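K.L.:
Could you have a look at this structure, given as structure tokens, before my questions?
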Amino acid sequence: MLYSIQDVAPFVAIYFIVYHLAINLIVLSLFVAVILDNLELEEDVKMIKQLKTREASAETQQQLPWRLRVFERFPDHPQMIELSRLPHEFSIPKIRDSFMRQFLNQDDIYTIPLELSMNMYSKRNAVRTLHTTEHRPTGESMKRTAVLNIIKNVNNQRLLSGDASQIHLASVGDNKLSIYVQQNKIRLHRKNSMRRSGYKPKPVHTIRENGDINALQGRIQDDYDIKVFQYRQQQAELKRNQQEEDLRENHPYFDTPLFAISRESNFRKFCQLVVEARYNVTPKDRLGQDAKINRYKEGHKFLDLVTYLEWIMITVTILSAVSMSFETPSNRVIDQPLLQITEYIFVIFMSVELTLKVFANGLFFTPKALIRDFSGILDVGFFLISLIYLCWLPRSVPANSAAQFLMLLRSARPLRIIILVPDMRKVVYEVCRGFKEILLVSILLVVLMFIFAIYGVQIIGGQLARCNDRTYYKQQGLCRGTFWRELYVSKMNVTGADPVMLVPRVWANPHNFNFDYIGSAMLALFEVLSLEGWLEIRDIIMDRMGPEHAIFVHIFVFIGTLVGLTLFVGVVIANYSENKGTALLTVDQRRWMDLKGRIKLAQPLRTPPRPENNKFRSYVFDITQTKMFKKSSAVLVLLNCALLYKPWKPKEKITQISALISSVFTFLFLVEATMKCIALGVVGYWQSRRNRFDLLVTILGIAWIVLNIISMGQNDLQEFSNTFGFTVIILRFFTIAGKHATLKMLMLTIIVSFFKSFFIILGMFLLMLVYAFAGVILFGCVKFGPELGRHANFKTVPNAIVLLMRIVTGEDWNKIMHDCMVVPPRCTRGGSYWESDCGNSTASILYFCSFYIIITYIVLNLLVAIIMENFSLFYSNEEDALLSYTDIRHFQTVWNMIDTGRKGLIPARRVKFLLRLLRGRLEVDAEKLYKHMCYEIEKLNNGSDVTFHDVLNMLAYRSVDIRKSLQFEELLAREELEYLIEEEVAKLTIRNWLNKCLKRIKAKDQTNVIKSLQRGNELAFFREAQHAITTNEALRKTATNDSSSIEDRQQLQQQQQQQQQTQSQKEIAKRKLDRTTTLPTPSSDISNPNYRLQPGLREIPSETKGSKRPATHPQLQQNISLTFSTDDSYSWRSWEGAHHLNTRKDIESWWANQLDTST
């Protein structure tokens, strides 16, 4: 059975598509993966490289650059001051450190213990010098000790006078540790005693002097390493600062801009203020603390990226680049006044900028000089080039002249934006740091090409030339004269035979390549290495030398492309990752980086709670939250997008049917939006950005339905309606990403990859802009060729950018290069480059090859590296992750319960409740970490509102072992924060415990005082009762016996007087007690209502702060004095009648004993 071409064509297309995807995207990617896996370092090697990097950074920081060390070769010449006042009118002068160091033994300085060396320049240790004992020097040390005593006395006087800005520790021989060092030791022991997350330290075996093996715990070794590196960094910074201070003291011209402006002049301070002024990303609040910015953080960080002066220069540079884009060979600066004005503006602004920077920081021989690195040299170079060109403005610019070279240098002006932006400068620095490895791989590829080029020159060289006349195709001796050549014209109405023209016979090589000498052979092999034009080279070699020589090309393609080029790509990616720091990360550190990426991608759910008070809304809410509802919505979106399988054209039946079905889908989406509004509420629905986008697309769909109904019968309006309709369907397709968690995370990963590679993409665009400016100058007037035409040319800057975008993809870049290499007699030269239509062979090779290597082999591979790094977040194993997506989802759910406002912010006091609701890996230990985490949140946010990512980051830090997961700098900062939090929490715990203890002691003392007072009150009551009984009894005796003697009356009066004295002493003691102690109410034992207050006494409140005691009767008060009531109903009468006669003396003796005990 035979099949037609139409039947087989789809299967053939599928075959080649699958083959291309399998070979080009899978096999080549496997090559890159294998090379990257071979370039991957082991865990131990990574740790060693990290340590070496830290050591190198510490050693580099302590060395001054050679431009500053020049002053050390000159003799010291301290600046002298003329005195105009008496000596006693001056404050104590500061002793120069360089002068003091002349009298000190350098060996003693560098043998200081580690603890003292770290605090050599600490201000708090200066207090110890006030109490250092003095020893009388003898022998050779007398001179040095005398100087030390002088310096010590001066520093002591300065300290007492309040000037202690630079007091150094003079008594270096003291072996006693300062409080700061002891505190560090306490922290170190506390840190060693901690066991976080079940981490078991790995024992490291060390050999003692006697040969025994000692096991040193890995954690202690890590502490030692971190301590050593931290000490080295501090010492390197101190040494560098000390060297600068010595130069500043001994050389008056050091740190003086242009050797004319003094260091402390007001003019220099003004220039520094202008140069260093920038946007403050952390403004101050009313209390003077750092105010936290919760909204538009990225915008504030972007404004803080550079200073105000650099922002102005970035704007001026962009305007200048826009002005340069209008320059063409026919539209030159010298003929356009507007272009000249923009050139003058750029030169004036840059001259002002460089002048301010020179006056503020110096030109070359100052610490912050303008020319302190390569970027400063480029700044000065750009300024000088622009200034020379503006002063010259040549009217005639011959090709390959100095004027054209000056214009080429001027076209590099957009690169100044890379110098001004720190992040772009950092990317360039990270790429250039690995230039050594890239250069080695490039040398390997060049050697490989050189070997194959030698073989090609020896075997193929000189054998590819043929005659253009097919009659004498292989006969070089007969290939001369002219012949008639037919012209094959396809787009002209020519009847009869094809036209012919007379052309000379030429014996020549192929137009694009040859192997006659080593240079052309290597150029041809480089084109083959890029997989552009290699089929043409292979076919020509097979046609003119035989099929057996085609193996040469295939072997080079396999070795050069699949091995050499893949190795180059792998080295570029690995080198960039290593310089950036990601290649040296261990497994735990990489997991931590992935976790931070996941946290950054996570966002609050912003889903309102289920409306329990409304049954209908609750029912609709349950429907909208089911998986079936979400899947059905996604299926509707896919079916709606499937309607675009054929183009929508007016007056076609299939278009009308598709529009009708799409209208039905739009109404279904409207029903979906309505159900969500009912379930979530209007406010809750609007809080989600995805819901807003869905609602916008739905409204556009309703508008399209109305427009489609109106446009019936109108062709023009119907075409616009169809265009608007399938645009809405395409926008609807983007909503499917938010309907599935995996797709949403994938889209967020792509967005994060774009933002991380933003500066690389911007740098690539600036580089393309520079090449476009240079291409207009070099090839703007070159005559058109086979590939260089009206759609692909360098006549204007926009056309050049479009052509360079085509070269980035590698599409026929070599053919465009050969078209730009045209030379006479195929072109005509002129006086200036815009009067000539010839190219430049050398410039063309350098231009196109360098652009292709930089863009295709380096920049694009950097983008691949960044995308691979970010997609590792998505494809990483959930079991190996420190926190899985399930844990993050659980936190999002708990946060959604706490964040009732759906704003992504909650008060700091609600974090305590949130931490108690977490479960799984995020569950917080209430006994150990709960207080620490609450205090950390309050400290980092100053008591203000807390964001979603603040709490999640804190939980992430607390859920991992920071010793294994964090890098050195981040580990130091985190440990310092945790130590501070531990100290503050310990202080708060001790303070609360002491307050509770004091309250208990105070309550106990108050209880004892109360009991004593009660006993005193009862004794006073007894005395009053006794006095009343005695008085009544005496009155009764007087009434019954009028003939009592005078002695009995006197005795009774004496007893009354003694009773009054006793009562007055008791009242005095009670007043003293009232002035010193505030007592609670008495116990409820004395609850008889016949007790009442004396009218002259004051009432004191019965509650004391913080005391806990049982409730008392409301009628009882503090510090009261009771009197006995004469009411007959009081129970004391019955007690008196029954016991007065028999037990009076016993009761009196018992109350006397109680009184003695209380006193």
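Each position is counted from 1, following the chain as shown.
Just so you know, glycine gets a Cβ as well, placed from its N, Cα and C.
Copying in the features that TrEMBL gives for the protein in this structure:
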{"type": "COMPBIAS", "residues": "1051-1065", "note": "compositional bias 'Low complexity'"}
{"type": "COMPBIAS", "residues": "1076-1091", "note": "compositional bias 'Polar residues'"}
{"type": "DOMAIN", "residues": "308-580", "note": "domain 'Ion transport'"}
{"type": "DOMAIN", "residues": "629-878", "note": "domain 'Ion transport'"}
{"type": "REGION", "residues": "1038-1118", "note": "region 'Disordered'"}
{"type": "TRANSMEM", "residues": "12-36", "note": "transmembrane segment"}
{"type": "TRANSMEM", "residues": "302-324", "note": "transmembrane segment"}
{"type": "TRANSMEM", "residues": "344-365", "note": "transmembrane segment"}
{"type": "TRANSMEM", "residues": "377-395", "note": "transmembrane segment"}
{"type": "TRANSMEM", "residues": "439-460", "note": "transmembrane segment"}
{"type": "TRANSMEM", "residues": "517-537", "note": "transmembrane segment"}
{"type": "TRANSMEM", "residues": "549-574", "note": "transmembrane segment"}
{"type": "TRANSMEM", "residues": "657-683", "note": "transmembrane segment"}
{"type": "TRANSMEM", "residues": "695-714", "note": "transmembrane segment"}
{"type": "TRANSMEM", "residues": "720-737", "note": "transmembrane segment"}
{"type": "TRANSMEM", "residues": "758-780", "note": "transmembrane segment"}
{"type": "TRANSMEM", "residues": "845-867", "note": "transmembrane segment"}
K.L.:
Verify whether three or more Cβ pairs under 8 angstroms connect the transmembrane segment (845-867) with the transmembrane segment (549-574), leaving out any pair fewer than 6 apart in sequence.
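P.N.:
Result for the transmembrane segment (549-574) with the transmembrane segment (845-867) is yes.
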K.L.:
Would you say the transmembrane segment (695-714) and the transmembrane segment (657-683) are touching, if the rule is that at least three C-beta pairs must lie under 8 angstroms and be 6 or more residues apart?
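P.N.:
By the criterion, they touch.
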K.L.:
Which of 344-365, 377-395, 720-737, 845-867 shares the most C-beta pairs under 8 angstroms with the transmembrane segment (758-780)?
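P.N.:
Selected stretch: 845-867, with the most Cβ pairs under 8 Å.
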K.L.:
What is the average pLDDT across the domain 'Ion transport' (629-878)?
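P.N.:
Value for the domain 'Ion transport' (629-878), mean pLDDT as a whole number: 86.
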K.L.:
Which bits of the chain, at least 6 residues beyond where the transmembrane segment (695-714) starts or stops, bring a Cβ under 8 A of a Cβ in it?
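P.N.:
Those are 659, 662-663, 666, 669-670, 673, 685, 720-721, 724-725, 728, 731-732, 735, in sequence order.
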K.L.:
So which residues does the transmembrane segment (344-365) touch in its own chain, when a touch means Cβ under 8 Å and the partner is 6 or more beyond its ends?
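P.N.:
Residues 67-68, 70-71, 254-259, 261, 267-268, 271-272, 274-276, 309, 312-313, 316-317, 319-320, 371-372, 379-380, 382-383, 386-387, 390, 413 contact the transmembrane segment (344-365) from elsewhere in the chain.
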K.L.:
Sequence-remote contacts (6 or more beyond its ends) of the transmembrane segment (302-324), Cβ cut-off under 8 Å?
P.N.:
274-281, 338-339, 342-343, 345-346, 349-350, 353, 356, 411, 413-414, 416-417, 420-423, 769, 773, 797
